[in-house]
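Reviewing the structure listed below.
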């Protein structure tokens, strides 16, 4: 949130950080930055006593509030702190970059430091071409290890340290192919896992490994050349590999490790003690080296290395943690940086704030929906800083002098002093001066920010108006609880008071509750009427509700109405219906809707019908006024705006609360008791269900139960029983609700939708029903039973969780136990999923935080890399989408098409005489027949509609005629109804011509294209760039098709009967609504997408349910499935394929055959039992059951063959392996025993198959024995080998497909004769397990042809799809799987949010995981963003090691450095022409009587003396034209670069609210509501509107940003809330100090305006099609506007297309006196048209006319304009 300059700020000079360069300090840099060498460990006490050691004191001694630094002589907190350094006795390893040192040593020669690669090879540079930093180093190490070969040599060839120095061929040695190097053999390098970090070189011929310490490693790294370092990814100027080893250790100043004061005692920080230990160990090592005792040196070196390592990271696995005392561990530098409470996330990314309050919330239906009740104690503690001026001086003086609320707490004077009013004895004498800042109490009407944690989405933090109330809790309107996810059971919420006018303006224009009624997540309202008010609405609008005059008059007072409707009943006394009272609240809307689950019988008052704001019939229920898409809330928001929705909600709550207070509502015991008839029906349902369960059990016992695909008999039984019991509960619930009397309080609440369902009535009054755990009945948990009270193996409904009693009667003990088991599951799930979903949301936010809508209509990230050509593929705002629009066009057959769209023609092709006879005006019919070309135009219309039908049949996902509903920005159907009811006349014929309709619809479609932003639009509005034109046409395709079929000429004339006035109104409304729906440039759509996908995840469960019923495929659901997708997991828990089949295998019978062909089958899967039998003589087998089989086998063979077989068997092993196969499985899979035998022999030929040849026996048995007699070892070997052999014998199917299940789908076909489309059921196969590559190869069917249709076969394993089909197929599959994961829980999220997430994941051509392995490995994000996510120290170390530079363009990077993020209002910069302000005069002179009118703009404490602006008016007579000083305003978008400026001027209109005194212009006492004027309008693309606004005071230039593209100007807020008379003048310039802008390309330019420049108003002003570098701001103020126009006029910052010629600044009609003041665009270098494919390809320069060319306005013209506005 932006801060203001109302309170004193630091006087330190501030500069914006444009980039951050990371590097590792070299030894000389550390010494140069340090102020002293630290050689002795000084404690706090004795360091302060040192004399003459000022530098040592500033390193060791922390500053107090009264002391000054001995080095810079500054006091706290101005002293930044000063470093010292420790000269290490020996180099030591930096534990943070230890792994990098190991990688470097793998890349270079250990003798000479040369790179172990031939850099002349093309392959080396090709592999490293697109790699940087750590990835490059890893690749080099991998290539070096692959090439490196160790050669053997004699002992005479040993090199340094006894290592082999024979030449290394192919590397950098002297052998063949080598280019340079010493030729030494390269030992292997590995880490030594000892008591301290050491690199170990494993020599070739030595038994023991040699240990290299840091000093030797430093010598090797010192020999690495700069070129080799660059090839490895280093920047030698910033970090050479030698710098990875420490020789000098910097000592941070005390500001990093402040002392702790407690009770008058001071204690040094833990880091200070650790530094002292390092100094001591370093001195000890230096002494030991002088004594030259190796054991002592090794010990001291190890201790020094350990202390330095734990100083950096005390959580390393190398060492035991260093402890401060017996229990507390040292908090090292790493621990202070990383984690949730570290410096990055705890103090930079987020921090504690002042001016905030927190307490418990309670509900209050009597405050407005956008209000919050604030306790007096909070209102008196929190303050708002208000600057004193001539208008508010009296009011603020009263505040300052009061001692009771409302009062003030502090006064800030311009000289920096602060007066605390509570300390003054006599506050009645307090005086205020102009310029003082008074911190007054929060009062009614102040705007505050209200928040409930966790802040899961944008609507968890909204703006409210303050209502100060008694008691000590925050009061919240009940309708606001839904977006906050709040209730009143003890929830606490946070309140923040803005501290500047700019912050206040942002709250008012962007974050207030009415602005957020519709959520972009589901494109539906997130607030509505709830609970008591919903119940009251239902009862109030009941058909039996009649109200007397007293009540209706009271309601009128609640609603501030002064005229009552005519009563519905006059005699015997006047009575009004509740519907009439409810209609008093309704705005003028049309809303036909039918509540769900209700038969549409109008006589039963079940159909809700609202016409022109009158409720004609039907009760108001949740589906009508709740937070549902298409509800009354949604319709009012779209047609009348957010303020009208707030008024409607407030009115409903006041009226219904008053109604319930008078009529009452309660629930008693009688509402819970069912009558005897209901109990009898419920008992019948239970008896019926019990018999059904017994029937299923009997079928299972008899093994006649139909087994479901892929299920065992027991699983099928459980699925059937559970399904029957659940149906029993549903049936009982429906009967219970229907049997309850109409006045039952429970039934009233259920039907109103305020609380409860029919299931609740059933459970209270009748029975609770089946209790499930993990989607199944209560499992056995106590020795084959659920509880000890039941029999063993009891599968009945009572023992497995069925509760046959209700809550009123009371549950039995075992039923209560089962009920608690089911409830516990939900509690555990809620507790476990909280952390998982929170972490998931954080990862999504980090991955998408930089994605925003750019000014050219594209979606880009912080580096301006393209994510999407158009946001959501249509460029529309998710909050403006309306769903549920029926689209019947694809389902119309030829006859319907002709009846609906085609006109009647004669045989010769001319119009029939009957054409339009009953729906077309006779003059129109005559005109049509007069021109033969009209027939052709109407035929072309019909041909286009036919083509649209074919397109929609191909492109749309067709299910059912009633289910195909479109999500579009405009609901033309409702607009047509509005046009008919408001603009149309009751007539049977229309005066419109079909040709006129066709032309106007075509013109409308062309106009819609002009609404989209593009850099390549010519003066005629045509887009010359092919790519830009195609993306806009693609975005409009579906809407245009829907528009053409709705506004077909015949439908308009015959069905709607619209006249010309109504049709014109309809087209205008469609165009306006569509324009309002366009996305605002700068919108942080990435964060919105992350919130939209993350917040609903909290509603998911973490369990993986087994789908009971039709399918038995195990699927991963909920959060685990989301984590699999977003982490791009390659090991999915339940991977599966959907296999499409070619005809005729897509029929059910043949699909079953395909199922067996695809399912992977091994011999193990069909084997029931394995026996090992000693049976040496097969002629006299000991297995009696096998004798007939053996005889049959031998009888089939010839006698000689049989004898040879017997001899072969006898010669083999005497042990027989007997395999009993599952007969059913062999039959189902159509396995031939000969094929089984061949499969066994293919795997292992060492076995003899005795049986298995015959298929015509009931028992399928295979006897096999080894060919070799191994005696006593046979049995152990067989038991070991046979199970493995069975698993390896592949009989059939695709490896990896564990199960194959049938699945029916619908395929739509078109009858070419009639054009009718019908759906046919076809069968496909779902698999458990995936093998997509093998499925693409195919499976051969019985006819020898492939049965798998690979084109339509897919896998739910996204990485597998990516590896086989590429990134586009993976993107499509990821999108589908994400949507299915949410839809499984009924969560329908807007499509555009999925696309943003998926396109970001697939942006670079590979799947980027939304985790640390993806986000932190991406090259697109800077080090600051990555370290603020995870692995803080690791990322910073790598960034410093490789010299990375962060351009500070992302949200996180700017947040860390305190800059404005480049999204929203920060996406462009304001640049002020300082030279034009030199003639300005100070504020005191500007407001002095008799002076020229001047306005002073406060720009913060550092610029107040330097920047002033002035516009002086010197009128000569009444009609004279005032002139404007050369005060120029630059605006440019922070996108491109360069500056190509030319002045643009416009005349300033005379304002009649000013008066003349002595020839000078002065301001009269004008009320603040009159400080708004109609300005010249800029005609652009067919749009023109007033957009000038008074732009008065800018507070804090360093924090100033132009208000968002959807918000009114800061001047609006300031003039309304500060009431500064000196700012209610006629013209001003908006200066600012933000000149530092981001790097730009050479093709953008800076536009310069002089004086007052007027711009067009658009609902989303930034969405104009224009280059981002050309932005104007209005600075003109004039006469009064109405309240509506004031809410729209603003500091609009639209953009203008450079190729759109002839933009004229002119006044609203009929005021043409300013039409000559034009801003003309011309192309630099001529007027040539451009058709390049790139953006921003040409510079453009504006030309402007001088102010003298504009004619002065007249008083009459102003009067005309006022009349028009009124």
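Quick reminder: no glycine exception, Cβ is built from N, Cα and C everywhere.
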Look up region 'Bridging helix' in Swiss-Prot and report which of 813-825, 826-838, 839-851 it refers to. 813-825
Report the DSSP secondary-structure composition of the region 'Bridging helix' (813-825) as helix, strand and coil residue counts. 13 helix, 0 strand, 0 coil
Over the region 'Bridging helix' (813-825), what is the model's mean pLDDT? 92
Once 487, 489, 491 are set aside, which residues in the chain still have Cβ within 8 Å of the Cβ centroid of the Mg(2+) 1 site? 361, 486, 488, 490
Have a look at the binding-site residues 69, 79, 82 and say which one has the shortest Cα distance to residue 491 (Mg(2+) 1 binding site). 79
Going by C-alpha positions, which of the binding-site residues (69, 72, 79, 82) is nearest residue 489 (Mg(2+) 2 binding site)? 79
Residue 69 (Zn(2+) binding site) to residue 487 (Mg(2+) 2 binding site), Cα to Cα, whole Å, comes out at 54
For the binding-site residues listed (487, 489, 491), most other Cβ atoms within 10 Å of the Cβ sits at 491
Set of same-chain residues at least 6 away whose C-beta sits under 8 angstroms from residue 72 (Zn(2+) binding site): 79, 82
How many other Cβ atoms are found within 10 Å of the Cβ atom of residue 82 (Zn(2+) binding site), counting all protein chains shown? 21
